[in-house]
């Protein structure tokens, strides 16, 4: 029995320790993360915290002018980080944050950014303009400067690691280990956050326009701009090769090897000099846009080099602190021990904690270890001492608790695997389980070779997690949107000339414009002389668009640039979508054959459908609170210069259903609104709104993509007429053909018959569309199910990465 207890205790303790060590992360040093030294952008000045003195002061050295500058000689700091010609430092104790502007001059200007004796700062992150820090104990986030206020960062998030680049900051959320990004450049922030997706991460480091980090399996992942090869990780598939000490510059990435603490770099030609740094062991590394520096372990000196020509220099600093000095009373909290000679380095004022190496939890065993053979009979009770009994009881209790915890963990893993794998075998909807049976030709239609293709759920829960996108922020207008004057927008549109008119929206006319800074935008102007009812509708639509779009940021939603509200004038400014609306391409009278339009391919149409579905899925599942668009139609799906589809026009949008007391979605009673042909019949007749109303609208759009016909059209045999004949609803026209396995009879002839591999994809889209337009909302799939099916359809087209190439452009769907 004792051997079994010891075995179980050992297993439980091992699992417990692995989980604990997993979260003991060593500090990350990069272009935008706090450390004991930093490289200032734009001036090639390096600043460091000097050791061996009563105060851990900041000493800076200008590598171009060869001069030293001391900042606040009588003040101790725990960490510093640099931005564009400025430096910031957290004072020892974390109660104050100071910054110096014009750091390259002889007399930098000092400013106190933060002071609070109760809420202490811990981790510092500085980008080109923005400054962020986490709060000690809570890991909540505070940000300053660069228009990155507390309102623009992810709300109510706690971070275990943060880092800042040029125009963006990113962090690893404690809640789910996902990467969240924010900043003054929402396009770059969203690109990087989207690139990481739902990959569980443990560290993050930012460069000028890319970011890298270690995932939970120990692999290094880099996302963002790759124009110089800075994302081309050396040995990316080899786990536990690199430590958490990463350093990213403008066009290069550097990392430290776990094996010998040497530095390896790639991108911008930096890899040419890896053989020079192979023999040097570093404590950490830090970078500016064009300069790499490392703290050498043997003598705590700083060596810097240029990644393009390896012109290295050794900075004339005394020994530099390898980590912050903590009070001696706190040194007992150093989980991985105290750094050698800490007393000397901190001049008797404290100790330096060693950085803990990141340990990644091994895959849990498939079953509990088998108990060993029965032990020999225990000694008689008279020979057992009371302490041994107590110890045995304690070990037994610990073993039981540990075993229960381990068993619960294994059950969770098994459940996740079961739902992820087995859900893939379920149909799109439990209540409707269609099967597509298709023969190769009429002569073979009844043969045993006909095969079935089921619409699968694709483990929608797992897929949904992989597709999670950026969160929302404040509801206030000015947090994200610029305010323009009416004269600015009038000038941008040629005084709203007819030649600049490109369409109309929920409350006005849309014009193409060009702002003074050269940005191309779309400007929606509300009707000025509207009747009272129309005026109230315009007010509501205007307020809705600002309220929603100012806090929504997603690749597949049209971005609100700003607004204007002067007297009765109400205008909204959006990113200009160069390729217009999907409706215009599908129903253009000049689009008469396959080569008339780039969208006349099944792969392209499925890709556009997937883009739009991802935007709607974000509104339903990840916006807080959820949002129901209410007007999904092909004219509200716009295409940017790269043919990426984005959902637009939120004038009719409403906050979506929330969970009621019975944990079922609450259906919001509201007056029906939308566009004829796309409006949900259940919503129209019952005035009850749910997110399934958007699903219906998307289903009609899918049918448009398949057939090339309008939502309501006049049908004269195989010819669609503008006048005459009886109006036909696209749903009534398409669904019977799909149900009767006659899909080929309604497909858009301009695209032609599906090529090899596309047939199954088109059928999957057709059956997905059929379920989307089911008369009863409860029988329609969720947006997560739809996205999963469209992703699979795009894969079936022979492109697992969702990329579509043509002679004109290259399109990538993430």
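Heads up, the Cβ atoms here are built off N, Cα and C, so glycines get one too.
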Annotated region 'Disordered' segment (source Swiss-Prot; candidates 433-478, 479-524, 525-570, 571-616):
433-478
Using Swiss-Prot as the reference, determine which range in 297-319, 320-342, 343-365, 366-388 is annotated region 'Disordered'.
366-388
According to Swiss-Prot, which stretch among 394-414, 625-645, 646-666 corresponds to the feature transmembrane segment?
394-414
Just going by other Cβ atoms within 10 Å, which of the binding-site residues 502, 510 has the emptiest spot?
502
Of 504, 508, 631 (the recorded positions), the residue whose Cβ has the fewest other Cβ atoms within 10 Å:
504
Cα-Cα distance linking residue 631 (active site, proton acceptor) and residue 508 (ATP binding site), given in Å to the nearest integer:
15
Taking only the Cα atoms, work out how far residue 631 (active site, proton acceptor) lies from residue 504 (ATP binding site), in Å, as a whole number.
14
Could you tell me the mean pLDDT over the topological domain 'Extracellular' (31-393), as a whole number?
83
